[in-house]
Structure formats: C-alpha cells, structure tokens
Amino acid sequence: MSWAARPPFLPQRHAAGQCGPVGVRKEMHCGVASRWRRRRPWLDPAAAAAAAVAGGEQQTPEPEPGEAGRDGMGDSGRDSRSPDSSSPNPLPQGVPPPSPPGPPLPPSTAPSLGGSGAPPPPPMPPPPLGSPFPVISSSMGSPGLPPPAPPGFSGPVSSPQINSTVSLPGGGSGPPEDVKPPVLGVRGLHCPPPPGGPGAGKRLCAICGDRSSGKHYGVYSCEGCKGFFKRTIRKDLTYSCRDNKDCTVDKRQRNRCQYCRYQKCLATGMKREAVQEERQRGKDKDGDGEGAGGAPEEMPVDRILEAELAVEQKSDQGVEGPGGTGGSGSSPNDPVTNICQAADKQLFTLVEWAKRIPHFSSLPLDDQVILLRAGWNELLIASFSHRSIDVRDGILLATGLHVHRNSAHSAGVGAIFDRVLTELVSKMRDMRMDKTELGCLRAIILFNPDAKGLSNPSEVEVLREKVYASLETYCKQKYPEQQGRFAKLLLRLPALRSIGLKCLEHLFFFKLIGDTPIDTFLMEMLEAPHQLA
C-alpha cells in the first residue's frame, strides 16, 4: 500500500507517537522533547507538540550564539528551540517560539575546550539528567560571555564549571578534571634591583667629577684622567698654567689647563710609581723586562752617588789648580760672564758624570750625544741650584764664585734668577735634598726618551723607569716617615724644564759657546778616554 493510499487517520497516529516511518522519526523527536520538558518545566507541552506537527520532517535548526549563551549550552548539540508536543498559542511554521530567560550563569574566564578559530564540532547527545551544569562552551562561545583568557593571562580562575562533570559521547560521564589556575609569570611581577647591584654605589672621578671607571693608580678616576696621568708620566711631560694655578678642573673644563689637572691628580693621591709598575708588569708577562724588584740592582743608587761625588771633586780641583778661575778677586764683575765661564767648565765634567751613570755608556754614541744635547742646560741648573742651598739670596757656581741677586738684576737677568731661587733652591733647602736624590733626578733628566733623533727610544725609557724605581726604594728606606717625599722630588722636574728653556734663551743670546757648535764639542768629549777612572 502506497503512502498516498494511507487513510486520513495517519496524522493522528503520528501525533500519538504510533508506528510508521514518519511516526518513528516523530517518536524519536518526541522522546527528546519529553526529556527537555522534564529539564525545562517552564516550556508548555501543548506548544511544543503543535510546533512538532507543524514542522513535519524539518530538521531541528542549530542554536544561534545568543540562544546558546542564554541556555548555557555551546556545541553540545542541544537546541533550546526544540518543538514540543503542544502550545496554547501556536506560531507560524519556521518561527521559533521565544524562550524565557534562564537563571543567570556565573561569569567564566576558563579557556575553551576547543581550539581557537576551529570550526564547531558536530552535535553531541544531551547530557544525563543528573548533570548540574551544561557542557563548557567551545571557542564559538556566546557574545554575552567574556572572551577566553589570553595565553599570558595570570589572573585567578573562579568558575564552578571547571570542576563539573564533562559529558562524553554516548551519554557517559567522565571523571571530574580539576583545572589548576596558571602560575603567575615573572613578567607580571616587578622585582626591585638588589641593593648591591650595578646601579648602587656609583663613584665619581676624584679629579673631574665624571663617572669613575674604577680605581686607577690609587684613586677612583675616569678613563680620561687615567689616560692623561699615564701619558704625562710615561712621556715626562711638563705643563704651565696661564692663570694663577687655581683653574677649575671639572668634567667640562678638565682639558682647559693641563698643569692644574696634573697637580690635582697628584693632590688626590695618584701615584707615579703605579704607572711604572703597570708597564713593568706588562713586560714581565711578555718576558722582555726584569721584575720591579730587580730595578734597584739594575740601577744602584750608590753608583749614581759616586758619579756625583767624583764630578764635585773634579770641580774643586779645577778651582784650586793653577790657571783656575776660582777666587772672587780674579773674577770679572759681570755676573753673566761668570755664569758663562762656569757653564763652559761644567760641560766637560758633565760628560764625565754621564759616563759614570749605569748603562749610559752602553747606548750608541749618537744617542749619547743626543741625550746630552737635549738635557745639558737642565743638568747644570740642577747642579748649581743644589750647591746653593746654604747661600742666601744668591747662587754658588762650580768655579767657587758667588752671584748675588742684586748683581743679576743689574745685569738684566733678575726674573729668571728669582725663579731659580724660589722654585729650585728654596724647595731643595726646605726638603733637605741629599746628593743621592739629586743624582737620581739628574739621571732621570739624562734618560729622556722624547729626545728627537734617538735610534731606540724604548731602551732609554726602560733606563728611566729603572731610575724611578731605584729612587722610590731609596726614599722609602731612607725617609720612611715621609711618604710623599718621592712625589715632591718628581715635582721639581717640571720647574727644571721650564727654567732650563728660559736660560737657553739668555745663554744663546750672550753666545755662551761662542763659534763652536755644541754638537762638535760634545762629540769630542764623548770620544775622549775616561779621565776620571
């Protein structure tokens, strides 16, 4: 019998849920609706039945996001608009009945079970009747709920849906899964820097006030002042102040006056010997130099003292011998002439003194001439200045002549004469400089690595460093209570350099050496045999 020949009572059988193909489908659908009626008492059975008959064989439409959000269901396959058996006010076909608002759900910040951006999963069968909460919504959650938390979210999770029983396919229930709140990441915390970190305890340069890079040569200083002090010591540079020697030395004006900057380096406690020890340690690592402890043996101060005493005795013999210019009665009255004659006489003894200084004779002959030519004026000034310690307002020449301050002023050399008295003679008298210290200062002047024309300046510099070390050791042993004595001795070197240059102007003006070039004279003296042996 065909479906068209069915008797007209078939719809009644369908409505009663009896057998038949369409009736089977309606029977299944009505069974689902009956379960919905038991879970949703506010739905009207009459309205649901009328909607089921009117809908015929149409499939149940999928819930909209808004409806799913109000019913608390997501991708579980349940539809809040399922037709029921009856309704007092039947709606037109295809128009879903309005569902009453359900009880408000607590806000959930738990991440969704589905992947982000994935298509919605297929519908699932309804959960068991005893499930207290619906299945957690997927990534296509309702717009009424807050979006899922980002991966880096570190806030607490407080949703009762997390610990509820999750429905599994087939109507079974899985064990409850406790989702622990994520651990608070370190990026969300603000940790203050430790008190001993790199930002604490910043020191400033003791010379200019710039940021200090550490302790250099005994003082916290910046890289600029460290390099300035090292260059000054290694090259034995001398500076002069254009003002009153009280210039401001700070970060902006530290390069304005090198003299005041160098004096401030010494005043703050920078040690010249530390520069020499630093270079010596570098040579020890390379195996090219001796240790700092061996420097006094390489440049013994007793040999330097012997050289000073030998030259002094030779000068006394020349004064007392026949033909000597000693004695104030036989000397001319012009102080400039007396100084020129004494300087000419001292040039010979100066060469003999240099030959007695350790390691000087081992240098090439041309280098010996260059060193004597570069420092002969300072060497002679240092010698007669120390000889004049016991003389008041005057200097004592090697010929035994005494030149008074008034005579120098009358001859037109009073300005440079006063500088010799105040910057050299007076300072040597105050600190009671002995002959060993004088000999070491003169040896430092002699070994000048900055003299132009040297074949091996580094060798000369090594000899100067050995003199530095020997003099420092001598000061510590002879004057242990005077810790700054070594520095005071070295401070006389810039004054000697400045006064020596000024004296050269006067001496060349008065034609000290006449028509004989100084290079030829020194060469002849160096080639002569050692007469003071």
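Every residue, even glycine, has its Cβ placed from backbone N, Cα and C.
Swiss-Prot assigns the feature region 'Disordered' to one of the listed ranges (1-23, 208-230, 392-414, 461-483), namely 1-23. Checking R25, R272, R387, R485 against Swiss-Prot, you find omega-N-methylarginine recorded for R25. Checking Swiss-Prot for zinc finger across the ranges 205-225, 289-309, 331-351 points to 205-225.
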